[in-house]
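Participant: Here's a structure for you.
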């Protein structure tokens, strides 16, 4: 993977990834396909929304269907019929959030897995092997995630352990001699000084990109933005910056404003399944009875499949009947909205009009309360 910044408007950056002839423009939003599928839609439909790179979770795929099944197909790309790049999360967050039993030591984590309840030992070495077998284009290091609002000492200990695992991840990743990329993850909670230490040590190890972990986990938005203001300028300018698990449309705007290049989040797909649909002026809650006889499309500025062929009234009906088609059409629309937003952001950076674009975004967003 090669990465190059081509345009800059203040701190906002526009660049390209080159994955063996597959060109991905940044800033980029990655739909989440945790189990090798973006919920309710096919890979062809994912492409048609404008999505070019997706995220899957190595932790979940390791347990179900398991590496043996995926390797029968060659790799994760073949298994799910996706020709574009795939970034895999190492599973650090899932180990700590899903497990009923979890014991951490310097070598890894012993936990009770959520599929059959068996004790499992996950280490940086195993995580790198899993992601290598999956054929991930971007591999994330194995890290220790902790809850927001932990004290300085606990946060420091977790950050130092993540650094130790980062070194191990680098060694084991390199041993596979593949041409994929490895990203480090900056930790340190809400403490800027710990974030500084984490980043500087990761830079010494030398990764292909740097992710900001442990954010959007309950902290006030202003705290997240302050940390981005603090840490992004310190990340090497020639390396991509990835804000993990974020976010809402306004988070994408504010992340890009601070120099972030990559995002992922379940919000567009999860909200779609719950009838919350993003449009130019805000969010339509399609379950509201006022849409029962509304013959207009979701958003007259949108050219997605859903907006071209279906009315709000029909989408309201599908939701009321709990029809699977409703989740599919809603997901297509929300992902198309996100990818259109990212495309417009990139164009504004190229034209040095990002600030004006963001002002217009907020003006339109707050114009109507749906």
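Cβ coordinates come from backbone N, Cα and C, glycine included.
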Participant: Given 245-251, 252-258, 259-265, which one carries Swiss-Prot's region 'RNA binding' label?
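Facilitator: My reading of Swiss-Prot: the region 'RNA binding' range is 245-251.
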Participant: According to Swiss-Prot, 89, 90, 91, 92, 93, 143 bind substrate; identify which of 15, 214, 218 is listed for that same site.
Facilitator: 214
Participant: Select one of 187, 230, 276, 333: the residue that Swiss-Prot places in the Zn(2+) site alongside 302, 304, 307.
Facilitator: 333
Participant: Scan 269-273, 279-283, 284-288 against Swiss-Prot and say which stretch is down as region 'RNA binding'.
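Facilitator: From Swiss-Prot, the annotated region 'RNA binding' range turns out to be 269-273.
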Participant: In the structure shown, which of the recorded positions 89, 143, 264 has the fewest Cβ neighbours within 10 Å?
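Facilitator: Per-residue Cβ counts within 10 Å for the recorded positions 89, 143, 264 bottom out at 264.
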Participant: Given the recorded positions 89, 90, 93, 143, 264, find the one whose Cα is closest in space to the Cα of residue 304 (Zn(2+) binding site).
Facilitator: 264
Participant: At a 10 A cut-off on CB-CB distances, which of the binding-site residues 91, 92, 214 has the highest count?
Facilitator: 214
Participant: Could you list the residues of the same chain, at least six apart in sequence, whose Cβ is under 8 A from the Cβ of residue 302 (Zn(2+) binding site)?
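Facilitator: Looking at Cβ-Cβ distances below 8 Å from residue 302 (Zn(2+) binding site), excluding near sequence neighbours, one finds 279, 280, 333, 336, 337, 340.
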Participant: Take the region 'RNA binding' (245-251) and count its residues per DSSP category (helix H/G/I, strand E/B, coil), listing them in that order.
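Facilitator: Counting residues by DSSP class gives 3 helix, 0 strand, 4 coil.
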Participant: Applying a 10 Å Cβ distance cut-off over all chains shown, what neighbour count does residue 304 (Zn(2+) binding site) have?
Facilitator: 23
